[in-house]
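A.B. asks: Submitted below is the structure of interest, expressed as structure tokens.
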Amino acid sequence: MKLKFTKMQGLGNDFVVIDGISQSVSLSLEQVRLLADRHFGIGCDQVLLVEKAIGDADFRYRIFNADGGEVEQCGNGARCFVRYVHEHGIIHKNEIRVETLSGLITPRLEANGEVSVNMGVPRFEPSEIPFVAEARALSYLLDIEDRQIEASVISMGNPHAVRIIQNIEQAPVRSEGALIECHPRFPKRVNVGYMQIINRNYIKLRVYERGAGETLACGTGACAAVVAGISQNLLEANVTVSTRGGELLIRWDGDNQPVWMTGPAVTVFQGEISL
Ligand SMILES: N[C@H](CCC[C@H](N)C(=O)O)C(=O)O
């Protein structure tokens with residue numbers, strides 16, 4: 001099967017984007033892993049599939065981690081998605097409605113070239129994450145090897161554990177993140193964010209992503225970290241999130257309000273691969 005693809009990135013979180021509308025695409029777990037492989041394939045953190053909507057939205061947006069697993073949501077990918085369908089002339093309106101496994105999101109191309117996305121309402125009930133816990137709490141203690149660590153647990157459609165740390169450069173992102181990702185209290189595994197609060201409108205964040213490892217940026221991780229900080233009265237409604245790949249603007253007005261994310265989306269190159 002020959003597949004046309006477009007390589008894109010949002011703050012260094014990189015994607016192979018495939019048009020599943022003009023091409024008939026059916027990807028096995030092994031084929032996704034090959035596309036994502038940085039030595040034997042194209043290389044990316046996630047593979048994004050553009051499909052016709054099932055309902056009355058404009059598109060369906062399918063997301064596969066580098067390990068081949070299909071997941072519910074991807075924030076940086078959503079910005080690249082709207083850039084992709086515009087650049088390929090598939091649609092011309094600036095705000096689009098996109099179905100994901102976790103519900104509808106509305107990415108919007110801004111006049112200044114950035115992209116804003118309504119990422120939906122965060123969820124906190126353990127059963128909605130999913131997370132094994134007696135009751136909902138602002139943070140939880142997890143047994144990791146010979147110690148206990150504290151984390152907030154939030155869903156942005158996909159599951160996130162958020163740790164508050166004092167020094168982002170010394171955060172045990174890969175060693176501890178890998179242990180939390182597969183912790184038995186997360187039946188579907190979890191993305192693990194390490195947040196250093198600089199002030200009430202500025203944080204630094206690193207994320208060990210489920211199914212991809214540490215990435216240069218994680219859009220849903222930025223949303224989850226800001227929600228965790230605001231929920232604990234540590235942050236204001238508008239927060240700049242500094243990631244290793246650059247800055248995201250996140251806004252959340254609390255309670256049942258949606259989280260808004262604004263940031264860049266860049267096309268790197270196009271190509272064709274034989275699978
Ligand atoms: N690794 C995530 C999916 C990609 C999320 C991330 N790339 C983003 O920008 O939100 C998960 O397994 O839920």
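Glycine is treated like the rest: Cβ placed from N, Cα and C.
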A.B. asks: Write down the one residue from ASN13, ASN94, ASN238, ASN256 that TrEMBL lists together with GLN46, ASN65, GLY75, ASN76, ASN158, ASN191, GLU209, ARG210, GLY219, THR220 as binding substrate.
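C.D. replies: Checking ASN13, ASN94, ASN238, ASN256 against TrEMBL: the substrate site match is ASN13.
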A.B. asks: These are the active-site residues: CYS74, CYS218. Which one scores highest on other Cβ atoms within 10 Å?
C.D. replies: CYS218
A.B. asks: Check each residue in the chain of THR220 (substrate binding site) that is at least six apart in sequence and keep those whose C-beta is under 8 Å from its C-beta; list them in sequence order.
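C.D. replies: Correct list: GLN73, CYS74, GLY75, MET119, MET156, GLY157, ASN158, HIS160, ASN191.
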A.B. asks: Taking only the Cα atoms, work out how far CYS218 (active site, proton acceptor) lies from ASN65 (substrate binding site), in Å, as a whole number.
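C.D. replies: About 12 Å separates the two Cα atoms.
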A.B. asks: On a count of neighbouring CB atoms within 10 A, which of the binding-site residues ASN13, ASN65, ASN76, ASN191 is highest?
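C.D. replies: Selected residue: ASN76.
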